[in-house]
Amino acid sequence: MNMKILVLVAVLCLVVSTHAERHSKTDMEDSPMIQERKYLPPGKPCYEATQKIPCCGVCSHNNCT
């Protein structure tokens, strides 16, 4: 009886660790800290309130500087 419980616990630990490892890899791939950031170069038009890609400098008079 004790051996069955021990085997069950070992199998559950293996399944949980495999599942967690798989999810940690996808989290690393989706992480914005690891992905290369994209910026608008100077001279490109920008709109501070609605732009999705930030300027590499500052958005001034609707142009990246």
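A Cβ is built for glycine as well, from the same backbone N, Cα and C atoms used for every other residue.
The disulfide bond annotation in Swiss-Prot covers C46-C59 (among others) and is backed by similarity to another entry. The C-beta environment of C46 (disulfide bond), restricted to residues of the same chain at least 6 apart in sequence and closer than 8 Å, consists of L40, C55, C59, N62, N63, C64. A coil conformation is recorded for C46 (disulfide bond) in the three-state DSSP classification, outside any helix or strand.
Around the Cβ of C55 (disulfide bond), 19 further Cβ atoms fall within 10 Å across all displayed protein chains. Secondary structure at C55 (disulfide bond), taken from DSSP and collapsed to helix, strand or coil, is strand. Here Swiss-Prot flags C55-C64 (among others) as disulfide bond, drawing on similarity to another entry.
The signal peptide annotation in Swiss-Prot covers 1-20 and rests on sequence analysis.
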